[in-house]
Amino acid sequence: MKNYSTLREIQKDLLAGTITCRQLVEFYLKNIDEKNLKLNAFVSVYAEESLQKADEVDLKIKSGNYGKLAGMVLGIKDLLCYKDHPVSAGSKILDGFEAQFNGTAVQRVLDEDAIIIGRQNCDEFGMGSTNENSNFGPVLNAVGDHRVAGGSSGGSAVAVQADMCLASLGTDTGGSVRMPAGFCGLVGLKPTYSRVSRWGLIAYASSFDCIGPITKSVEDSAILLEVIAGSDEQDSTVSTKEVEAYSELVPEKKSYKIAYLREAVESEGLQPEVKAATIAKLDFLKSQGHTVEAVDFPLIKHFLPTYYILTTAESSSNLSRFDGVKYGFRAANSKELITMYKKTRSEAFRNETRRRIMLGTFVLSASYYDAYYTKAQKVRRLVKEYTDSLLENYDFLVCPTTPTTAYKIGEKTADPIQMYLGDLFTVQANVVGLPAISIPNGEDNEGMPIGFQIMAGAFQEKELLAFSNAILV
Amino acid sequence: MQIDQQTLQKIAHLARLEMSESSDHEMIDSLNSVLTWMEELNELDTENVQPLIHMTEEVNALREDKIVPNITREQGLLNAPKKDEEYFRVPKVME
């Protein structure tokens, strides 16, 4: 089987009759069989079901009446509800839980004949930057020696990286699609906040969460966004703006104005190869006739504290529903209700999740609400206004996706702040709700992939994707 | 702000979490280091800034109040760790 990196190539061969969906699924299942035990990307594999669905899609292709995603074998992060299939947010607390409905994004890819081959490992409730904080154990990067996948959609990235599926749907609350995409040499897109319905996405931080694709190509990212985006009566926050033809990928302008964050690119903390690759990319952009200028972003050191105050607050509230009553796990031998709640939650949530719930509960508690939570909401406005003002003068803001390439397993887990710092460049897009993409930008001296991040104005995905595709060399 | 043993227990109770003696210190230390880091926001003057609360541009998005088949009681109870024919079961609340 040829190693495909775009749906277009696959559909061309499917229509020519040189391959079938069944053969595609068999190819991916074989790779899962060979690699998953080591990489730990998939936590459920729907082998029989995918083969059956493949036969159905093969018939549809023969009949000439098939969906836009026919031939796409897809994995979904363990935060997305797929009816009658397990979903557990990488957590013991949802052990044994099965979804009772399809999330909107999942329903839409199924309606377009995508084949969902399995459910993918992630950090518990999306809380992590390395995919080491999962009830299913860490995900391993397919490149390098014992390197992390990045998180929290680590399983979703590695599954694509290791050819266990063509594409994945992940979720991005502070970089959880872009960071693993960067660490694995893939394309990861976080759409504008509210572009994609959150119905059927298990909530972490509701004013940040976004579903986004992880793919090998920008065009597959665009096609998937076209399918999953748009209004939905199940989510009152979702945008009713028209979904554009993202997959046309024709840049509107010949020459763009691009700003890079001086603090990010010139930072001492940047790995030398990441810095060199980023500067090379900026030089390339100039050589292509784009205007590239440095801008200062004095608020950069405040991104992460703002992000962590607000997301821990929202998560402490969202995760209060997990009480050992309605779904999943309950601790044994609790004779009294409050004790049962406490034992269940303490036994099931992992350390990092407990820490975030504690922080969130603290910043929302009556005595500290204004000092932390309201303060962070105000800084959120400052960051948004400053970012918006830059995007009035520039088409795109660019920087490396992460300060370094993938860490060694265990390297960052001891100190939460060290772990949080890895999100420095990605959180801005979530704090302000703007679209951002990570595209591959070479490798470091040990062959670990480097990511390049591009952020655009609200609902500018069409331009963002077209530009990303044009500069991907 | 520094969290002490007493605050830790108070917050843990609000969050319906149990802190064991052995993990107490570790949790207190990590919470305090993160809170100190969060306090860097106090360097910024936000006196006249309105908090940003809503991230969506949509306002009062309402749909038709249609009656549609929702999940059944059986489906609703399906995933519960303890249940009877009709209800979720929990440990006794009243004596």
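Glycine residues also receive a Cβ, built from the backbone N, Cα and C atoms like all the rest.
Quick caveat, the model's predicted, so the values are computed rather than measured.
According to TrEMBL, the features are:
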{"type": "ACT_SITE", "residues": "A:LYS77", "note": "active site, charge relay system"}
{"type": "ACT_SITE", "residues": "A:SER152", "note": "active site, charge relay system"}
{"type": "ACT_SITE", "residues": "A:SER176", "note": "active site, acyl-ester intermediate"}
{"type": "DOMAIN", "residues": "A:24-465", "note": "domain 'Amidase'"}
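When Cβ atoms from all protein chains are considered, those within 10 Å of A:SER152 (active site, charge relay system) total 37, not counting its own. For A:LYS77 (active site, charge relay system), applying a Cβ distance below 8 Å and a minimum sequence separation of six or more within one chain yields A:ARG119, A:GLN120, A:CYS122, A:SER153, A:GLY155, A:SER156, A:SER168, A:LEU169, A:GLY170, A:THR171. You'll find the Cα of the residue listed as 'active site, acyl-ester intermediate' roughly 5 Å from the Cα of A:SER152 (active site, charge relay system).
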